[in-house]
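Peer 1: Take this structure, written in structure tokens, and hold onto it; I'll ask about it next.
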Amino acid sequence: MKKMYKLGFMAETIRIIGIDPGLRRTGWGVIDFSGNRLQFVAAGTLSSDARCDLASRLCQLYKGLSDILHQFMPHEAAVEHVFVNKDATATLKLGQARAIALLAPAQANLPVFEYAPNKVKKSVIGVGHGAKEQIHMMVKVLLPRAEFDSSDAADALALALCHSTHRTSASHYARITA
């Protein structure tokens, strides 16, 4: 972990990857977090080939995520918690893609944190229910240099931002109660 010096105190830089899982498209976003400073690193979208069988598509996502983890070397991962909808087949496929999103960072020995969509929205826009456009706008406000190629990548950056907020709260609470 890098150390950053600002106004005479030292804060370590934590690199966080946010992962928004999906079988068709999995968004990912990487930020650096130090004290109250956030910095955009990279973001993108992994796609699986819809013409392939399920096992091959999951392999494509796993390999893509593993490559990204190796390239950007994050310290922690934040993954969106799956929601259940009326289409059981779609929910099952999303759950399988989510398993890959949990497995890849876990195999890279990263701590993995899970966040419900409403918690991410509340962390980024201040309320638990909001339009995707609001989230994407706030991602650009909080990370002015952020570039994302899809809604999935923007959502992944929002996950990383959510984790940076909750990580700070947990760290502050641990210091108070110690």
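Including glycine, each Cβ sits where the backbone N, Cα and C put it.
Copying in the features that TrEMBL gives for the protein in this structure:
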ACT_SITE  ASP20  active site
ACT_SITE  GLU80  active site
ACT_SITE  ASP152  active site
BINDING   ASP20, ASP152  Mg(2+) 1 binding site
BINDING   GLU80  Mg(2+) 2 binding site
Peer 1: What is the interatomic distance between the Cα atoms of ASP152 (active site) and ASP20 (active site), given in whole Å?
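Peer 2: That separation, Cα to Cα, works out to 6 Å.
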Peer 1: Give me the long-range Cβ neighbours of ASP20 (active site): same chain, 6+ apart, Cβ under 8 Å, in sequence order.
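Peer 2: When sequence neighbours closer than 6 are ignored, ASP20 (active site) has THR26, GLY27, TRP28, GLU80, ASP152, ALA153, ASP155, ALA156, LEU159 within Cβ distance under 8 Å.
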Peer 1: Across all chains shown, how many C-beta atoms besides its own are within 10 angstroms of the C-beta of GLU80 (active site)?
Peer 2: 25
Peer 1: Applying a 10 Å Cβ distance cut-off over all chains shown, what neighbour count does ASP152 (active site) have?
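Peer 2: Result for ASP152 (active site): 23 neighbouring Cβ atoms inside 10 Å.
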